[in-house]
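Input: a single structure, listed below in structure tokens.
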Amino acid sequence: MHRVTITLDDDLMEKLDAIIAARGYQNRSEAIRDLARIGIQQTAAETTSGHCVGAMVYTYDHSKRDLPRKLTQSFHHHHDLSRATMHVHLDHDQCLEVTILDGNASELQHFADHIFAERGVRYGRLVTIPAEPPEAHEHHHEHDASS
């Protein structure tokens, strides 16, 4: 282990201490190690260039002019990346969607960036996990000749 000294401004130190208290860390070192690990994992996920799976989460105002149509067009244009979507009505105007994606990391990021940039999308986050590409396989189905 290495001993490291860092300098933090008062506001950042206050926020760190709040995290330590909320999560029950025994000391600041444990919290900083965990935060460093999270940052390293996030950076690795963001720079992944190979195949991955991911979850794209975003909220949007469905009453914004043409937004639902634009989102649908984007999903049809990127149909090869999208595996499933869950749609939730948060209130009269706001919707939450969670979409499971599968493909090249840069393509997933490009797709997510396009969705998040649409006017009326209020929050967006893409979480990716490196994964092996699926193997191509054939399906053989037996059919009853009498049907």
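Keep in mind that glycine also has a Cβ here, set from the backbone N, Cα and C atoms.
Now, the feature entries from Swiss-Prot:
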- His76, His87, His89, Cys95: Ni(2+) binding site (BINDING)
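Distribution of Swiss-Prot features across the structure.
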residue : record              : Cβ contacts under 8 Å, 6 or more apart
His76   : Ni(2+) binding site : none
His87   : Ni(2+) binding site : Cys95, Leu96, Glu97
His89   : Ni(2+) binding site : Cys95
Neighbouring C-beta atoms (10 Å sphere around the C-beta of Cys95 (Ni(2+) binding site)): 18
